[in-house]
Structures are given as structure tokens and as C-alpha cells.
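Q: Structure provided below as C-alpha cells; questions to follow.
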There are 2 protein chains.
Amino acid sequence: MYIIKIGGNVLDDPERLQRFLIDFAALLGPKLLVHGGGKIASTIGLQLGIEPAYVEGRRLTDAETLKLVTMVYAGLINKNVVAQLQALGCNAIGMTGADANAIPATKRPVKTVDYGFAGDIAGPETVNANALEALLQAGLTPVFAPLTHDGQGSLLNTNADTIASVLATALAPHYEVKLVYCFEKKGVLADAEDDDAVISHIDQHRYSSLKAEGVVKDGMIPKLDNAFAALQHGVSAVLIGEAEALPSLATAQGFSGTTITLKHG
Amino acid sequence: MYIIKIGGNVLDDPERLQRFLIDFAALLGPKLLVHGGGKIASTIGLQLGIEPAYVEGRRLTDAETLKLVTMVYAGLINKNVVAQLQALGCNAIGMTGADANAIPATKRPVKTVDYGFAGDIAGPETVNANALEALLQAGLTPVFAPLTHDGQGSLLNTNADTIASVLATALAPHYEVKLVYCFEKKGVLADAEDDDAVISHIDQHRYSSLKAEGVVKDGMIPKLDNAFAALQHGVSAVLIGEAEALPSLATAQGFSGTTITLKHG
């Protein structure tokens, strides 16, 4: 099965989103979509007088911001994606981690920074995989907004990449899972200045070399570390590429972005 | 099974909502909740510069209002109810009529008034009862926000009473369904001035008399007409009472509000 994460840059562009959803709906077999936030949350937040605050690239989620992201992520974005997928013949069901108790989490403990209502997921073993399997077996396609819950009545704002990775790992014992991250580049690049210099395949050995050579650096390192962690926990492949690469999943040439596996083969 | 509609007056009062959810979570067997809107949508709408507009008591749903109710009904209200039910041990899953294609509808045709993105449901036969049954059999409790979809990518604002009635009728071939409307009174009153003068039971014969005597009038007539229509289509009982009457469903005395059945029995 495919677990696909789509980021805010696509959600912010209605035409690009529509093309992506057409490609997603056309994928055969069981599948699951995780979407991020997008600029619309900040825009609506400003209208409501909620100023976005960040520390080290992470949004602080105070009580007002939690209301905002619940409205925008779980309401506006999630339900419009679901309605659009339904129009494309994909029987989507929109969810957060609170629905069906799919993803229990813990409010991030305050150390030096109080991130507010930010949720950390203990691990894939906390995911309610049975409920997700029941939905998938009923022919439904879960569409996740990036929210979890603490089991005590509060929703929690949670990173969409993390949700995708945890769901992929939790479902790996039940399905052959390919985890696909759609982001703003065509894949992992051999040359940061050349958008077409996509490295088509990275295994653990190659990853060590790429890091040693300084080709892979900065923000790509945690992304790839997470990818290898998912692979070590049973996910069969992690694919990184742009939203437009989705149709290439089904071609004989394979995925046009970067495919990540533990071993070459 | 119970299908329970809870109105905006309870949703607007956090303590009353919490007490209601405790009672709802305690109900045994399969169950389903439908919630209305509440004043919070108008409050947030005003902050966003969206003035509510009504014609004959029905809210007009222009494109901006549709965004607003999608955020507030399907996001803020629905997901907080789900998170609170999860904390009470009830495995809730929040939905709109777009999710799992549960309730397809049609944009209301423009005659003298253009209601905008308001959805009319053709009938219970359009409900995706199979998907709802799969969710119920997986031990999940669907929680519906008052939105449907047109199958062409657009969400539609739809009356919560109607959604509850259509779902009850659609599930009647599969379950013995009791449809419960929680509203602001203790039940149908024999004397509009006496809040405790609850008529405990109304059948078709009694309903004719009550109408002839002028005891039942105005807004209660369409409510009861709808109730009898549901009963004629297989719903086993329709109950009307206040949110606080929920625990009385399980007592030997039975429901403390008004129970409506086709025949006395």
C-alpha cells in the first residue's frame, strides 16, 4: 500500500492540488493520504488576530492556535480534500489522530521551550492499526490532518511528516508499505543548484558516502534519518519527490524521484 | 441502536456539553451522534467579517459562509467532541456526509431564494449504509457534523435534524433504531407555559387529537411530521427531550421526554 504525505506548498495552490488529487485517486490498491497545513492557517489566523509564533522552525501552539489549526487543518483543508477525492471516485474518509483513536500522543513536555499543544507520538506501537485496517478493508481511503490527541480530551498539533512515518511503520506488519514524501524538489539532489540532478536511489551504503562527501546536508539529514528508521522498522521503501511524480510510481521505469531502501537491489 | 441529535444550545455551553457526552458515552450498544452548529460559528464569522444572513429562519450559505461552517462544524466542534468522547472511552470517529460518501446530496435549486451551498438529501436510499455499518461493526461511533456533499467536489450545509432522520431511516433495515432529538424543552408540552407538562407518549391517533385541540402547533408540527415519516419508514421510535434526559433512556421507567411511535404499545 501507499502512504503519501503532501505538503503545504501544494495545498496552497488549488490547480496543483487538483492535479495531485487526480493522480492520487488513480493509484490502485489500498492507500492513505497525510496532508500538512499551508499558508491558509496563517492567513485566517491573522484575520482572527492570532499571530503565528515559531521557535527553531516549530510553530508554538497556544490554545487559540490549537483552535485555529483544528478549524483549518481538520475542517477546511481536510474536508475539501475529501470532497474532491469523492468527486474523483476515491472513497476518502477524513481523520485526525483523535478519530478512531488512530494516533494517541503526549503533550510535549516543557524543557527550555513550551511548545503548547504540540503532540509527540511515543511510537508506531501506539497507533490503532486495527481500526485503520478495518477502514482500509471497507474500501475506504483515510485522509489525515496533522493533529493527534492526548486521550484526555485535548487535540494536539503534530508534524505531518512524523504522522506519515508512524502510520507507515504501524501498518508495515499488515501491508507492504511504500511511504512517499511529496515535497518542493524533484528528489534528493546531487547538486543543490541543479533541480534536475535527482539521485534516483539511495541505500544505507550510498547514504554514508553522500554524507561524507557533503552532498547530503542540513535539513535533508533528519529527513533521510527518519526514512532509514522507517525502513528498519519494516516499511519496504521510502520515496521522496515532487507531487507531480505520483504517476511515475506506476510506470515500468519506476518513481522519478529518489527511492530509499536499506540495501541496493 | 441510538441515533442522537444534539443541538447548538448544548454545544455552546461547555459544562452542559461535557455532561451530555458523559451520558452519551455511557449508552450501551451501537450508537451515532449528529451535532448542529451553535453560536460559535456566528462569533467566528463576525471576526472574519462574514455577516450571517437568513431567509425564513434558514441560513444562506454563500462561498465564504461554507468555508466558515466547514471550519467550525467539521473542524472545531466535531473534532473537540471526538477528542472528548475518546477521553470517555467512546471510540468516536468524526465525519461529514462527504466522508465515506456517507450522505450524498444536491445543491438546493434556486426558486425564489438562492440558499447558496445548502444541501438537500434526496432520501435515505442515497445514504451509504454499508460504509456506516462497517464503521459500527468495527466498534466505532460515528459523530456527524451537519454537512453533506454534492459528489462533484463541493461540501453542502445541511440541517442536522434532517441528517439524523435520514441516517435513522437508512439504518433501520439493519438495526432497531431509536432516533433521539435533544432540544431545549423537556419534551412535547401539553401546556406551553408549563415546562414540566411533558406528554410522555404520542401515537398517530393522539397526534391527530393534539393537533385538533391546538395543543401541538407551529414549529412542533413539522418536527412531529418528520418523526412520523421516519417511523413509517422503519425507525422503531422517535424520542424528543432535553439533553439531560439521556440517562433516563436506560431506566425501567423509560425516557423522561416524549416518546413517539406509530401505534400505542
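The backbone N, Cα and C atoms fix where each Cβ goes, glycine too.
Automatic prediction, not curation, is the source of TrEMBL annotations.
Here the structure is a predicted model, which means the values were calculated and not measured.
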Q: Besides A:Gly37, A:Gly38, A:Asn157, which of A:Arg59, A:Arg206 does TrEMBL list for that substrate site?
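A: Record source TrEMBL; matching candidate: A:Arg59.
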Q: Counting Cβ atoms within 10 Å of each candidate's own Cβ, which of the recorded positions A:Lys5, A:Arg59, A:Lys223 comes out highest?
A: A:Lys5
Q: Is A:Gly37 (substrate binding site) helix, strand or coil when read with DSSP?
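A: DSSP assigns A:Gly37 (substrate binding site) to coil.
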Q: Please report the distance from the Cα of A:Lys223 (site 'Transition state stabilizer') to the Cα of A:Lys5 (site 'Transition state stabilizer'), rounded to the nearest angstrom.
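A: Cα-Cα, rounded: 13 Å.
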Q: How far is it from A:Arg59 (substrate binding site) to A:Lys5 (site 'Transition state stabilizer'), counting Cα to Cα, in Å?
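A: Pair distance, Cα basis, whole Å: 19 Å.
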Q: Please report the number of other Cβ atoms within 10 Å of the Cβ of A:Asn157 (substrate binding site).
A: 25
Q: Other residues with Cβ within 8 Å of the Cβ centroid of A:Gly37, A:Gly38, A:Arg59, A:Asn157 at the substrate site?
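A: Same chain, not in A:Gly37, A:Gly38, A:Arg59, A:Asn157, Cβ within 8 Å: A:Gly8, A:Gly36, A:Ala41, A:Val69, A:Val72, A:Tyr73, A:Pro146.
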